[in-house]
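A.B. asks: Questions regarding the structure given below will be posed in turn.
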Amino acid sequence: MQRVKTKQIFVGNVAVGGDAPISVQSMTFSKTCDIEATKAQLDRLYFAGADMVRVAVSDPKDADALKDLKKVSPLPLIADIHFRYKFALIAAESVDCIRINPGNIGSKDRIKAVADACNARGIPIRIGVNGGSLEKQFEEKYGATPKGMVESALYNIKLLEDFGFSNIKISLKASDVLRTMEAYRMLRPLVDYPFHLGVTEAGTLPHSMIKSAMALGGLLMEGIGDTMRISITGELEEEIKVARLILQYSGRQKSGVSIVSCPTCGRIEANLVKMVQEVESRIKHIKIPLQVSVMGCAVNALGEAKHADIAIAFGNKDGLIIKEGKILCKLKEDQLLERFITEVEELAKQREEV
């Protein structure tokens, strides 16, 4: 399905919305005022492939540290503000975007002050609606439902627009798949602002992967979404890896290696799990789109190879390498993997030069 066209904004030098690629972001977990620790996490996310990063602003020390942190950050910075609107006013002097939670930021006057500060610097505001912290009037009327989340978003969008502010992106996050998807679907036809996708508090890696693949992958395939964060109780790099995979398999990102590998069965002669893990590890740096097939026997290998750019099929102490649908060579198992990696890298290089 064609992607929904939205208004384009900029977070630092990263375009969000319009025809810009769907960007990936994460959030540091260090105390933001600890410049050294936070810079180390920013660097990790940069090398993992993040496009922008959010940092928590929980106290005055965090707010005051943003100016120095911005100087050393390799990525655009988003300040995450809850409760204390004055921290947003300080943050607006340094960062590339402000996230506010309508459920706890406070009165209209406070929101206007934040809007004025962001307008002065030309930076966007994310209206970050969370199903677990809706404003009292929406919680009492609708409960923590998609309708309540959408009404909160619409109310705060109108507030900002009334204050002369339209440099906006929106998120509608719940901790479960169905509420998240329904909220985004309900709001999408009503506004043209870019959407930040996410499932909040999604859990550890396996739980978050499944929730995020279902919710975000589903929305992306419907054409909804302009930037995204995968929320994982775990390592920073995993958030970026999972996000990129969801973008790839939803058809919204045409880059990187897509690996097809068979499940294990009684026909397999080689240690397929180990082989697939090694292939993944050694070709993960490749950015050119490639379809790579790793098969444990000949039953489906030739059929899969027709759809792959390059394939390997393990047999009884030997195997085949099949490149662009043709058998390239048959080698002993101890020679097979190294030759395959070489051929994959060579094919990627050839495609890159075209």
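Every residue, even glycine, has its Cβ placed from backbone N, Cα and C.
Here Swiss-Prot flags Cys262, Cys265, Cys297, Glu304 as [4Fe-4S] cluster binding site.
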A.B. asks: Taking Cys262, Cys265, Cys297 as the binding-site residues to compare, which has the smallest set of other Cβ atoms within 10 Å?
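C.D. replies: Per-residue Cβ counts within 10 Å for the binding-site residues Cys262, Cys265, Cys297 bottom out at Cys265.
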A.B. asks: Suppose we draw a 10 Å sphere around the Cβ of Glu304 ([4Fe-4S] cluster binding site). How many other Cβ atoms does it contain, all chains included?
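C.D. replies: Step by step: centre on the Cβ of Glu304 ([4Fe-4S] cluster binding site), count other Cβ atoms within 10 Å, giving 19.
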A.B. asks: Taking the centroid of the Cβ atoms of Cys262, Cys265, Cys297, Glu304 as the [4Fe-4S] cluster site, which other residues of that chain lie with their Cβ within 8 Å of it, listed in sequence order?
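C.D. replies: Counting only non-site residues, the set is Pro263, Arg267, Ile268, Met295, Gly296, Val299, Asn300, Ala301.
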